[in-house]
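These features come from TrEMBL:
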type	residues	note
DOMAIN	356-452	domain 'PFU'
DOMAIN	482-753	domain 'PUL'
REPEAT	10-40	repeat 'WD'
REPEAT	56-102	repeat 'WD'
REPEAT	103-133	repeat 'WD'
REPEAT	142-173	repeat 'WD'
REPEAT	181-221	repeat 'WD'
REPEAT	221-252	repeat 'WD'
Amino acid sequence: MAEYRLGAQLHGHADDVRGICVCGDAGIATSSRDGTVKFWRQNPEKKSEYVLSKTLAGHSSFVGPLAWIPPSDRFSEGGIVSGGMDTFVFLWDLHKGEVVERMKGHNSQVTGLAVDTNSDIISSSMDCTVRRWRNGNAVEVWEAHKVAVQTVLKLPTGELFTGSSDSTIKLWKGRTCIQTFSGHADTVRCLAAMPGLGILSASHDSTIKLWALTGQPLLEMIGHSSLVYSVDAHSSGLIASGSEDRSLKIWKDGVCVQSIEHPGCIWDAKFLENGDVVTACSDGTVRIWTTDTNRFCSDEELAAYTDLISQYTLSRKTVGGLKLTDLPGVEALQVPGNSNGQTLIVREGDNGVAYSWNSAEFKWDKIGEVVDGPGDAAQGQVHDGVRYDFVFSVDIGDGEPIRKLPYNRSDDPYAVADKWLLKENLPLTYRQQVVEFILQNSGQNNFVPDPSFRDPYTGGNAYVPGGQPSSSNGNAPKQIFKHIPKSGMLSFETAQFDGILKKVTEFNAALSSDLEQKQLSLSEAEMSRLPAIVKVLKETSFYHTSKLADADMALLVKILMSWPAKMIFPVIDFLRMFVLHPDGAALVRKTIETGNDILMETFRKAVAPPVQPANLLTILKAVTNLFDSSCLHQWLRIHCAEIIDSVTNCKSSFSKNAHLAYATLLLNYAVLSIESKDEQSQAQILSAALEIAEDEAQDFDSKYRALVAIGSLMQKGLVKSLALDLDVKSVASSAKASMDSKIAEVGADIELLTR
């Protein structure tokens, strides 16, 4: 068969291109991490080219799955359905470039979309559910899998399939699962129709499978070396797949007939009707590949792309499993070796060359050029030109620089720890901590010290707590992190009480002078009580003895329930400080238990449209302070989903301080949900925190708190696999590159969790 060659490149997205939707003859729609959907039409003067026609902006975070609705009376140019990490499903009128339906219901990222023959929209989500939408409303909702649903497929013949992180595919009739397809060893990421045969599945186990509609596996395609994110089929029988391994692969009869390298992972790949293939790449570019010579790109564009791949490949080149850029230069040969036969690998041009130390002649003997062999890429790391099984990055903390700790599995970890601590001029009291770090990160959880070992400094045997190796009890030694997990709650403990009282007095005077609202104003006696409450709240050192009365609570309830929404922000701020007092928190709980949920009533009033920015900021801080009192934790658990959903809908009204308050709220919720082992809440909190972490416009403090929430949920919670599915690796990588040291450090913590 003719080989595919580059036909066109579509530039316009500012970040990873995540999804592709072939819109019949109208064009191509693409989605991106940049939060937009772009629609590309064929250039009428040159059919092989596509030009940007519309940019659809409305999602607050990255956009993933897309679906096409052909032109109709309702949509003269067709409609596009998009799903985002912001949990929304949007229906766009392509002619107007506007959202005509906003579908809210999922609690986590939308992962898959399909349009039924009756125009119903079907969506899947990380929240484990599938939803059917009609005219913007959910008419069916069901839990399709016990873990994240990654994709949904509706065949023209009526069958509905879902793929999940539980590694299975399910066939549905209505909301009833009539068959489960098992065979993959990891997440099922994408499903596609294979005309006349059945369905295709792409999996994180690096394989693609063809299934009959009966559930019988017909074919397995093995060739990718990493996660497979997408698969699609053409009427000719060809299959295309895209992977984390940066390759587009073309398959025929189960055999890979062509592999096309990209300068980044391929999130999606789709066939056009004419047989061309469209790819969505993490470098932000959409590419079209064709076998038709009339649609080939120019020789100059092809040469530029070839050069791009060469430069990208060179930057990642390894020799013998060693990254070329990590090797020392030839100047390293000026330093004598430590022992006869020591091997040193140095960089000479674009190659790695091995040398062996000759003690007799006191020189380095050249062995030869190092090349990659089968599986070499995963073997060993280099430190100072010497290959080791491991080279650990050790963070001592206290502002000290990161230290490199080389280690071979054949070494005694106690001896290595002692030698390394002396070399780095660190206290020997760190010894056991370093040993446990080595054992944990080298996977040697069953290590038993050599009984003949003698400490070179004390003459004693290796110290083993309890007379056994530290890991022999079956518990793996803990990894060392700098910023996670978070323990304890954060709160906003300072207040401008004079300003609060002044504003309350001003608003009360306005109500008194308004004949229609005069009955809402406070009496002189009530107004005089507020400074008395403030006096109690100011004296924090007497919280263990000072008291607040039922009448104080009743006064706050009266104002919060009766005053107009535009006037309640100073009273919410009052409530924020009131709940930090032990009596205040207890009085709030007592009020709720009597059937008057003043907290939820106030929250709903504060976030109701039109949103007042001052109300939003003060309610975010007030809810955050509720975490300070354990007696209110149950209330917080019950209302978690509503609080996060409602606040998310108000993000367009956020000030900088509101962003920080929201990130703090999520961090507190992360700690609480970990304590209660609430997986559903953890998933929602994780999704919301990832939105903050991925937002380049966020301030450092907000992003830092969101990242700590993510890391804590991954380490101590139940959503580590979900985080990996949500591409937390790239979030960690971006954080590590931050100019802010705290963000870079917590990014490194999260990256360690992804290994």
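Yeah, the Cβs are placed from backbone N, Cα and C, and that goes for glycine too.
Bear in mind that TrEMBL entries carry predicted annotations, made automatically and left uncurated.
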Response to the item:
Counting only residues at least 6 beyond its ends, the same-chain positions whose CB falls under 8 A of a CB in the repeat 'WD' (221-252) are 1, 4, 186, 189-195, 200-204, 206-210, 258-271, 275, 277, 279-280, 289
Fill in: Average model confidence [pLDDT] within the repeat 'WD' (56-102)
94
Practice prompt. Could you give me the DSSP helix, strand and coil counts for the repeat 'WD' (221-252)?
Written response: 0 helix, 19 strand, 13 coil
